[in-house]
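Sequence annotations record features per position, and here Swiss-Prot assigns domain 'Radical SAM core' to 53-282. Under the heading [4Fe-4S] cluster binding site, Swiss-Prot lists CYS71, CYS75, CYS78, citing sequence analysis as support. Under the heading [2Fe-2S] cluster binding site, Swiss-Prot lists CYS115, CYS147, CYS207, ARG277.
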Amino acid sequence: MKQVQTKRDWKKLAYDVVEEKMITKEDAIAILEADDTEVLEIMNAAYIIRHHHFGKKVKLNMIINTKSGLCPEDCGYCSQSIISEAPIDKYAWLTQEKIVEGAHEAIRRKAGTYCIVASGRRPTDKEVNHVIGAVKEIRETTDLKICCCLGFLNEDQAGRLAEAGVHRYNHNLNTHANNYDSICSTHTYDDRVDTVQKAKQAGISPCSGAIFGMGETIEERAEIAFELQRIDADSIPCNFLVAVKGTPLEGQKELTPVECLKVLAMMRFVNPTKEIRISGGREINLRSVQPIGLFAANSIFVGDYLTTAGQEPTADWGMIADLGFEIEECAL
């Protein structure tokens, strides 16, 4: 006789989280391993947590790629790496004027946070000064929150960015520590954690997440969420691998839409009070179930990513309105 598996009470687990009871790693794994027929129940439960902390608000972020390609690191997922053969645009730093223009485009797209991103291992002091000049002008002329993602930082650079008015610094953990050597050999997992800590020590809000679907196990996928909890990331971008042709991970099997939804729900259960953003791979991996993702996440990027295209801002605005949600402008 076939044994009937007992279903979890996902709503009860959600209400436990609302009452500030932390879920276990076993609970997180159970979400990821749940039968696909349970995914709507899981997302409904995740929404209980999301609504408790964020209501119906959705935060919009916009990226500007201020320096593309030319990166000496060998991250296997990245089309900007020196080892990548992907046909992308490659250029040195945009002018401060272009960076400031991008901020005004972010406002037109109804974004509250503007993300200044540059490829490379770490910025020079001259490059940090270049960014600071743009940041100061943006701060003087807009109400945007500013996030930077410039690579590894030292204490002095982090302090100067904070003093200039940078609100948030992004440096993703990318994958589980056990999986890191298979993704990159030119720096370590601990190097990435160190930069997150330096930003936080400087008084900058830490943003750190991962790219799911790079060969990590289900258990490691859950442990990533708890590691992000441990380092106290305020904002958690959940990226889903796009196996770009010309990168070492070309051909890697990408996550299904349902697998992506389970990741988002699990992340909300583990990090209930944090901004969880559906990031790279949203349109490609989630496809027609993108709106369901916002029942767990409360943030998205609007417009294009670093080297891959996003959907039109009007499509994102429409998706948010159709859900009965509201855009939260100029909020970190």
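Each residue, glycine too, has its Cβ placed from N, Cα and C.
Known features from Swiss-Prot, placed on the structure.
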{"residue": "CYS71", "record": "[4Fe-4S] cluster binding site", "Cβ within 10 Å": "22"}
{"residue": "CYS75", "record": "[4Fe-4S] cluster binding site", "Cβ within 10 Å": "24"}
{"residue": "CYS78", "record": "[4Fe-4S] cluster binding site", "Cβ within 10 Å": "26"}
{"residue": "CYS115", "record": "[2Fe-2S] cluster binding site", "Cβ within 10 Å": "23"}
{"residue": "CYS147", "record": "[2Fe-2S] cluster binding site", "Cβ within 10 Å": "23"}
{"residue": "CYS207", "record": "[2Fe-2S] cluster binding site", "Cβ within 10 Å": "28"}
{"residue": "ARG277", "record": "[2Fe-2S] cluster binding site", "Cβ within 10 Å": "26"}
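Other residues of the same chain near the [2Fe-2S] cluster site, with their Cβ within 8 Å of the Cβ centroid of CYS115, CYS147, CYS207, ARG277, are ASN61, THR113, CYS149, ARG168, ASN170, SER235, PRO237.
A Cβ within 8 Å of the Cβ centre of CYS71, CYS75, CYS78, the residues given for [4Fe-4S] cluster, is found for these other residues of the same chain: GLU73, ASP74, TYR77, SER79, GLN80, SER81, ILE82, SER84, SER119, CYS184. Distance noted between the C-alpha atoms of CYS207 ([2Fe-2S] cluster binding site) and CYS78 ([4Fe-4S] cluster binding site) is 19 Å. Comparing ARG277 ([2Fe-2S] cluster binding site) with CYS71 ([4Fe-4S] cluster binding site), their Cα atoms are 25 Å apart once rounded. Cα spacing between CYS78 ([4Fe-4S] cluster binding site) and CYS115 ([2Fe-2S] cluster binding site): 18 Å, rounded to the nearest whole number. CYS115 ([2Fe-2S] cluster binding site) and CYS75 ([4Fe-4S] cluster binding site) are 21 Å apart (CA-CA, integer value). Comparing CYS115 ([2Fe-2S] cluster binding site) with CYS71 ([4Fe-4S] cluster binding site), their Cα atoms are 19 Å apart once rounded. Geometry remark: CYS71 ([4Fe-4S] cluster binding site) versus CYS147 ([2Fe-2S] cluster binding site), CA distance 20 Å.
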